[in-house]
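Contents: one structure, followed by commentary.
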Amino acid sequence: MPIVTRATKPKEPVAGAKNVAAVKTASVEGATLHQSKAKFYPAVFDDEGRYFLKPDPTKPPMPGIQEYYRLREECLSKGTLFEDPDFPADESSIHLTPTPCNHTHYKWLRPQEIDPDAIFANETFSRFAVQQGALGDCWLLAAAANLTIFPELFHRVVPEDNDAIRGGRKGVDYAGIFHFRFWRYGQWYDVVIDDRLPTKDGRLVYIQSTRNEFWSALLEKAYAKLFGTYEALIGGSASEAMEDFTGGVTEMYTLKDAPENLYDIIEHGCNAYAMFACSLSNKRGGSKESSTPEGLITGHAYSITKAQVVDIKTPKFQGKVKLLRLRNPWGNDKEWNGAWSDQSSEWKFIDDATKRSLGLTFDNDGEFWMSFADFQKYFEKIEMCHLTPDCPIIKQSEGQFKWKTSAYEGEWVKGSTAGGCINFMDTFWRNPQYVIDIAKPEEGNDQSTVIVSLIQKNRRSKKNKGINCLTIGYMMYRVDPSEIQQKPLDATFFKSHRSAADTNFINVRENTARFNVEPGTYVIVPSTFQKNDEGEFLIRVFSETPNKMIENDSPIGISEPQYVDAEEIQKQLVPLEKLFHDVAGEDGEVDWLELKMLLDRCFEDDIAKASEGIRKAYLSGVKDKGPVKQETMLERQYLSDSGFSKDACRSMVAMLDADGSGKLGLSEFQKLLADISTWKAIFKQYDYDKNGHLNPFELRDALESAGFTLNNRIINKLMHRYCSKEGQIWFDDFITCAVKIRTMFDIFNARDKNNKKEISFGLEDWIAQTIYS
């Protein structure tokens with residue numbers, strides 16, 4: 001489990017600033033995500049949030065994406081059973097990295113081959129006995145068990161139109177294909193599988209039912225396919241799966257460190273149909289799952305189905321008692337036997353009206369009541385999943401509480417938006433920033449409840465490479481609307497303001513915290529703990545009152561460069577006119593190759609400096625990878641093609657080639673040279689250490705000086721395309737980058753006659769414009 005260290009202030013802080021203490025972990029349980037190689041069909045629900053809208057059969061299938069209904073019809077028409085090529089019945093679907101050493105020799109069988117009386121599920125789904133198999137995914141079981149409490153949510157994940165297995169009698173409508181739906185970072189997907197399951201000695205290896213139901217084993221297989229392999233499911237938390245089953249946002253509390261108003265939070269969650277997973281560990285050693293003297297079972301999750309305060313009057317006590325109704329999801333007779341249990345004497349002192357309001361029953365169904373005080377005493381952790389307004393159960397709850405939500409996707413990119421935590425004051429402001437307006441509560445409260453969730457995306461795929469989740473967190477600042485006229489807020493703001501709310505930094509998939517804040521405008525800054533750590537994320541805000549979130553980022557635009565020394569540039573152009581005519585020849589124009597000859601001569605010192613830097617960086621890289629000869633083929637190829645690249649020179653021609661001839665005349669060459677000279681001067685201005693390249697985080701400022709105002713999304717793309725492994729931008733790449741940006745602006749502005757910031761292209765025109773640019 002992650003070990004969290006609370007953020008601490010520096011001994012001598014800059015005014016308003018706050019330093020953050022590093023977070024260490026003893027282990028990272030389920031901290032990464034594995035992204036499947038398969039592509040999945042986006043799932044769409046109707047306005048009621050309940051039914052899956054089937055793909056239009058008249059439209060061609062989406063390339064590389066499995067469509068359940070098409071595949072099922074194909075199998076039925078051919079009389080065959082489906083075999084999934086994207087998740088084959090072999091070792092590649094078991095292990096993150098299959099090797100001869102971990103070969104399992106499992107036999108993959110269909111349900112009818114395992115049990116002649118096999119069925120997909122019984123009628124209700126609500127009571128089942130499931131056993132965890134050889135895989136460490138009890139967290140998945142806990143979430144699935146909680147899901148069965150809400151049929152509307154259950155059938156969103158487990159569609160009702162899945163085929164019945166028919167107990168070994170293959171019916172005409174059975175094709176051996178199933179589908180399940182999961183939420184992934186803001187989008188639902190339909191995951192298709194075949195019904196072949198790994199077995200050993202004729203028994204299921206992983207999740208298995210004590211009866212003849214197979215829906216849970218097939219659900220586990222679909223979830224494994226979503227992540228890539230079964231092995232990717234080892235280690236996790238119930239909150240992770242509850243989120244993937246509902247699209248909700250999760251909170252996690254340890255009972256010993258829980259807030260004073262935890263009962264109020266639980267009660268509020270019950271009224272809003274939140275899902276819960278509560279657990280206690282085995283303090284006496286032995287097997288992971290065992291019964292305590294009090295009748296509780298260690299090592300698996302209970303759900304909470306109701307919270308209510310009751311009045312009681314006994315010979316020894318009179319007053320109010322906070323009660324919780326818990327449920328052992330396995331639905332058996334293992335129940336709490338302490339105070340307020342089914343046979344407890346406390347119920348004699350509760351009047352009939354209160355019993356009816358509680359819905360009190362005394363069946364051996366795994367459901368029981370206990371006091372909140374005992375809950376805090378015996379349980380250790382509670383995970384809570386708040387449902388989104390589009391969930392069917394929420395849509396049907398007229399007049400009930402509904403969260404208001406906002407969400408944004410973002411990315412931390414080295415040298416651009418990976419600014420690190422507030423400890424890195426000079427780069428912290430480079431992180432993505434999100435402005436959110438929190439409305440005033442209607443009930444007259446001075447503060448509004450806000451839950452902010454930060455999820456890092458697609459990390460499990462790197463588990464086999466020893467890469468786990470990044471250490472992430474966020475800070476939240478109260479701002480005056482006039483302060484966010486500047487987009488984004490710069491370092492000056494953060495040096496002079498303290499955060500209104502913040503989180504610990506911790507290396508888990510999701511970092512969620514609840515705050516009570518005054519209505520107003522806030523800026524949320526999500527970040528990694530270290531700067532230049534790269535990753536994608538989803539940030540979501542749940543609030544009691546309406547909220548509106550937008551990214552606080554620069555508007556895109558083009559203007560005149562801030563650095564222009566026309567006289568100096570003109571001096572540089574005069575002696576180059578003769579050189580141009582010598583290279584151009586009789587036609588008076590130069591093609592891309594002739595242009596390369598000219599530019600390499602004009603900027604030979606700058607090119608040589610960049611080439612030498614790149615050569616050293618390359619040689620350093622191969623040296624780190626082992627005994628590789630320096631005179632490698634790659635080095636010789638690079639050094640023989642030094643100077644501006646072929647593609648860069650072609651792009652330069654295209655930028656100024658108005659007639660599409662593929663050549664430039666003298667006036668066009670002079671204009672190009674003037675642009676490059678301006679960009680060169682700006683490059684040198686921002687090359688503070690004079691080493692021939694821009695350091696991380698300098699590209700955006702340099703481009704802005706060149707007249708290009710760009711937002712995070714575009715700067716991130718440029719960094720991915722042009723920066724080195726260390727986040728550096730070399731001279732020739734900076735010039736190429738500027739050429740590409742100018743060309744894109746010119747193409748757009750030529751069409752945007754009325755300055756509407758939007759244009760329309762036909763397919764042929766779009767291809768022609770983008771190919772020749």
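Any Cβ shown, glycine's included, is placed from N, Cα and C.
Database features (TrEMBL):
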type	residues	note
ACT_SITE	C138	active site
ACT_SITE	H300	active site
ACT_SITE	N328	active site
Cα-Cα distance linking C138 (active site) and H300 (active site), given in Å to the nearest integer: 7
H300 (active site) in three-state DSSP notation: coil
Nearest-integer angstrom distance between the alpha carbons (Cα) of N328 (active site) and C138 (active site): 14
Conformational class of N328 (active site) under the three-state DSSP mapping: coil
C-beta crowding around C138 (active site), within 10 angstroms: 18
All-chain count of other Cβ atoms within 10 Å of N328 (active site): 22
Structural state of C138 (active site), classified by DSSP into three states: helix
Around the Cβ of H300 (active site), the count of other Cβ atoms that are within 10 Å: 20
